[in-house]
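Shown next, in structure tokens, is the structure this report addresses.
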Amino acid sequence: MAGSRRLAMRLLSGCAWVRGSDSAVLGRLRDEAVVHPGFLSQEEEDTLTRELEPQLRRRRYEYDHWDAAIHGFRETEKSCWSDASQVILQRVRAAAFGPDQSLLSPVHVLDLEPRGYIKPHVDSVKFCGSTIAGLSLLSPSVMKLVHTQEPEQWLELLLEPGSLYILRGSARYDFSHEILRDEESFFGEHRVPRGRRISVICRSLPEGMGPGRPEEPPPAC
């Protein structure tokens, strides 16, 4: 894990964490597609990974998904966390969600194998609300957003291990998002080699839904 983080830092030397097709897109999504690099310490990243590993190991990697959005993945939802992990997740909630936003009670955990990827998709409003926030563990990756009506408008987020990304508003509903497969994993001219990636994702409640669980499977975030 530490090796992946050092590699990402070498790749990113002198680079921003977000790049886009033009200044208008960067300005439009400045507060709606956000990356906080180094949100987790190495110790916190290790804490989350150790807690998740036993539950993830019981599942096989899958190569199709109920909505065909993910390849090479295993996933789970987790409601019970250790005290140390609860402190971390509370920091995520404070950083990403407003005081008037309610969150889905289970946290979505998605484990991509090194060859795994998430295809371009727009999350259904039935499954989560206007904001999602994800912690990236183990491997650097590149998330790409593309406007659904004007595909020449795009944004790329560089997600190193220990980073937090936040998507809200227009970035959620007007842009598709994906995690690039290894052979396409570039951030500008910088190659970002993919390894196994775990994301820990908090989601706001869908509009008009009370506290609890979504009625259908979670989105591929």
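Even glycines carry a Cβ here, placed using N, Cα and C.
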Per Swiss-Prot, HIS121, ASP123 bind Fe cation; matching candidate in HIS71, HIS177, HIS190: HIS177
Residue from TYR63, TYR165 that Swiss-Prot also lists as binding 2-oxoglutarate with ARG197, ILE198, SER199, ARG203: TYR165
Fewest-neighbour residue among binding-site residues, criterion Cβ within 10 Å, set HIS121, HIS177: HIS121
Spatial neighbour of ARG203 (2-oxoglutarate binding site) that is closest, considering only the binding-site residues HIS121, ASP123, HIS177 and their CA atoms: ASP123
